[in-house]
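Visitor: Mind having a look at this structure? Questions to follow.
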Amino acid sequence: MSHLAISQGSLTAPVGSDFSIRRSVFKAQTINFNDKSWAPLLPLDLKIKNGGLRNQRIVCMSVQQASVPKVAVSPLQLEDANEPPLNTYKPKEPYTATIRSVERIVGPKAPGETCHIVIDHGGNVPYWEGQSYGVIPPGENPKKPGAPQNVRLYSIASSRYGDYFDGKTTSLCVRRAVYYDPETGKEDPSKNGVCSNFLCNSKPGDKIKITGPAGKIMLLPEDNPNATHIMIATGTGVAPYRGYLRRMFMESVPKFKFGGLAWLFLGVANTDSLLYDEEFTKYLKDYPDNFRYDIALSREHKNNRGGKMYVQDKIEEYSDEIFKLLDDGAHIYFCGLRGMMPGIQETLKRVADGRGENWEEKLSQLKKNKQWHVEVY
């Protein structure tokens, strides 16, 4: 049975936009349609904002039946390592990569701008799903004259093979951070986020200094291909899950044949703020027994107490099922703004109390079993 519940949720901050209004997930040129090895591909109509993308299509794969092929990926040597790559490039000696594309991926009514940024690293900075890249924006560190800017970490939003399936690119999901003066209500560019604006303003061909990859806590455990993975995100925290899901449902990976359950909870402000929704709804259609997708839209729907619907409210709605899955060994992941966790923890504690369980003891056991994965910023 498939699940797509539209409700409310997520933490937002005021950000601005200077891109044309359009929405997509990745450009059609990420697939070579003349390469017969990709066939057959199932096109998914793109939601067009202001007619900006009439000749582009999104491509996702059906994996409900073994007879429907997934996308071929290369090089398969990326599967050979037993341990993830870590800190291949450090802040003092970063790798200079190239911006391949920058795409606004939210609609006109989204409170702010979020961009999908594809970076060409030439295959020289390999990574695993769930890791992060560091980005060093240009310019001088304002607190250390003469020194470069500090590294900013961004969760990677693609599988290790990238959006082009050739192992040479990575993708970032970046929300433009814009500061508004509380007294005047006007934007103050001097206080805008340095790195997010650098990335969202980038153009194809621009150079970018990257470090990493970093992180192990959000790596996708693959020892049991039939495991359950419960993924909870607010906003751009959905980035690592996009990588997981492409690996599970879109790519042909000989060493990883996913047969378990992936359950995504995504909280954003409104429908126009949904990220990669076309990809996720396609997985839901193609693989309903292995993928569930619940969204919480804080500015459009109410929770059962009449307040705004946040992602923790959606978790509470399915709490009995989630707790049973955790008892059976499911992994649970949290990624997004740091402020998401207190509300989620309070909800889980309340649910545990109602079930006659001690939440602190349960959480300790989940951590001990390595079922609990958190990356907030």
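Each Cβ is built from the backbone N, Cα and C atoms, and glycine gets one as well.
Annotations in TrEMBL come from automatic prediction, not curation.
Remember, predicted model here, so these are calculated numbers, not experimental data.
Per TrEMBL, the features are:
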BINDING   Ser155, Arg175, Thr236, Ser298, Arg299, Lys308, Gly336, Leu337, Glu375  NADP(+) binding site
DOMAIN    92-220  domain 'FAD-binding FR-type'
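I'd like to know what surrounds each of these features in this structure.
Guide: Around Glu375 (NADP(+) binding site), the same-chain residues at least 6 positions away in sequence with a Cβ under 8 Å from its Cβ are Ser155, Gly215, Ile217, Met218, Gly237, Pro240, Tyr333, Phe334, Cys335.
The average pLDDT computed for the domain 'FAD-binding FR-type' (92-220) is 95.
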Visitor: Would you mind checking how many other C-beta atoms are within 10 angstroms of the C-beta on Ser155 (NADP(+) binding site)?
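Guide: Excluding its own Cβ, Ser155 (NADP(+) binding site) sees 26 Cβ atoms within 10 Å.
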Visitor: Would you mind splitting the domain 'FAD-binding FR-type' (92-220) into helix, strand and coil residue counts from DSSP?
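Guide: Per-class counts: 11 helix, 47 strand, 71 coil.
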Visitor: Return the single residue from the binding-site residues list (Thr236, Arg299, Gly336) that has the minimum number of other CB atoms within 10 Å.
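Guide: Each of the binding-site residues Thr236, Arg299, Gly336 was scored; lowest Cβ tally within 10 Å is Arg299.
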